[in-house]
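Presented below is the structure to which this report refers.
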Amino acid sequence: MFADSAKIFIRSGKGGDGHVSFRREIFVPAGGPDGGDGGKGGNVIFEVDEGLNTLGDFRLKRKYSAGDGENGQKKRCSGKDGEDLIIKVPEGTIIKETETGKVITDMSHENRREVILRGGRGGKGNQHYATPTMQVPKYAQPGQKAMELNVTLELKVIADVGLVGFPNVGKSTLLSRVTNAKPKIANYHFTTLNPNLGVVDLDGADGFVIADIPGLIEGASEGIGLGHEFLKHIERTRVIIHLVDAASTEGRDPVEDIEKINHELSSYNEGLLLKPQVIAANKTDVLYGEEEEEAINKIKEAFESKGIKVFPISAVSGQGVKELLYYVSDLLKTVDATPIVFEKEYFPEENLVMSEPYTVEYNETEEVYVVEGPRIERMLGYTNIDTEKGFEFFQKFLKENGILDQLEELGIGEGDTVRMYGLEFDYYK
């Protein structure tokens, strides 16, 4: 079954905890701390797989987790890093944060592989915390927590030309005639429930990729029927071909059909109407003489004044199809060929960390002030507080984020101890 959207849960690996231990060997009475570091958690990586053309696999499995880092061990042994998780998707897949709908990344064109969630940093063992004044550190740094995210995957086909029209106007028939695609063809509304792609080869001219966008109905832009599922596939195309039933075999007016579809395109995304359009007036094989001329002229009068070319064709007999294809090939040369790639709007590492608050509490049992939270943990992970510059940055961070104010509100005094993820400091103004 073709599937062009799916919602899944992803989780990176947690960092392993640093270890607290001391060297215990004969003839070495005071060997000092030798706790090893925790391993790094695995990343969640998305990768394009050329062999995939659907998101159907994600209907069977909804939760994906990378490996956790192992904890550190004694004798300075570091824990093993967690295994990365590689999730393979078809080219053209857009990854969005589910709650906001913002784009995390677009897996198309040059973007073939991207880390979406990074694994947690491994905690430092107590071997790192020995100082001249603290030779027996009995604490180690815990591993950084895993990152979790609900994401929506959307597959938007990549084609030069989008073929649009109401059900039963002959899109599948035309596609099967001009390409090697083998779409199912039947006279039922919504027979085509997935975009069919085909390559048009032309003698002496540039070929192109064409996508048969499944039949649209009024209200598609509001999600009626399978509207949103279909309309999104038009966003990557560079030229739109309107296929209409010029013979009105089902009683519809072809001019009204085009206007209705353009209304749906505009309601979904106004930018779609900026794409060049061509009209293929189909089923002329069932019209004769003045009847055909009258039907075609009616369409031309409505649209050629707007710069939209009209081609009378028959998808069944092939009449007029070659002229249509060569015109579209020439038209594509005038259209910007820059790949349509959706820009990033959501940055998991930044958004997830900044959205979670920190806590400042007093532990009466240990008589220590404890500061925790992803922002604190991340800051400590990339700041070397053993250097003068790093320590100045650390102090500035505490002040700008209101942590010092909260400590004072809790009644901290000179010389009191503050703990942050295995690190302890004495408080002085």
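From the backbone N, Cα and C atoms, a Cβ is placed for every residue, glycine too.
Predicted, not measured: the structure shown is a model, and the values here were computed from it.
Features of the protein shown, as given by Swiss-Prot:
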DOMAIN    1-158  domain 'Obg'
DOMAIN    159-333  domain 'OBG-type G'
BINDING   165-172, 190-194, 212-215, 282-285, 314-316  GTP binding site
BINDING   Ser172, Thr192  Mg(2+) binding site
DOMAIN    350-429  domain 'OCT'
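Features as recorded by Swiss-Prot, highlighted on the structure.
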{"residue": "Gly165", "record": "GTP binding site", "Cβ within 10 Å": "25"}
{"residue": "Asn168", "record": "GTP binding site", "Cβ within 10 Å": "18"}
{"residue": "Lys171", "record": "GTP binding site", "Cβ within 10 Å": "28"}
{"residue": "Ser172", "record": "Mg(2+) binding site", "Cβ within 10 Å": "23"}
{"residue": "Pro214", "record": "GTP binding site", "Cβ within 10 Å": "25"}
{"residue": "Lys283", "record": "GTP binding site", "Cβ within 10 Å": "23"}
{"residue": "Ser314", "record": "GTP binding site", "Cβ within 10 Å": "22"}
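Over the domain 'OBG-type G' (159-333) the predicted model carries a mean pLDDT of 81.
In the domain 'OCT' (350-429), the DSSP tally of helix, strand and coil residues is 35 helix, 18 strand, 27 coil. Pro214 (GTP binding site) carries neither a helix nor a strand DSSP state and counts as coil. Residue pair Lys283 (GTP binding site) / Ser172 (Mg(2+) binding site) shows a Cα separation of 13 Å. For the pair Gly165 (GTP binding site) and Ser172 (Mg(2+) binding site), the Cα-Cα distance reads 11 Å.
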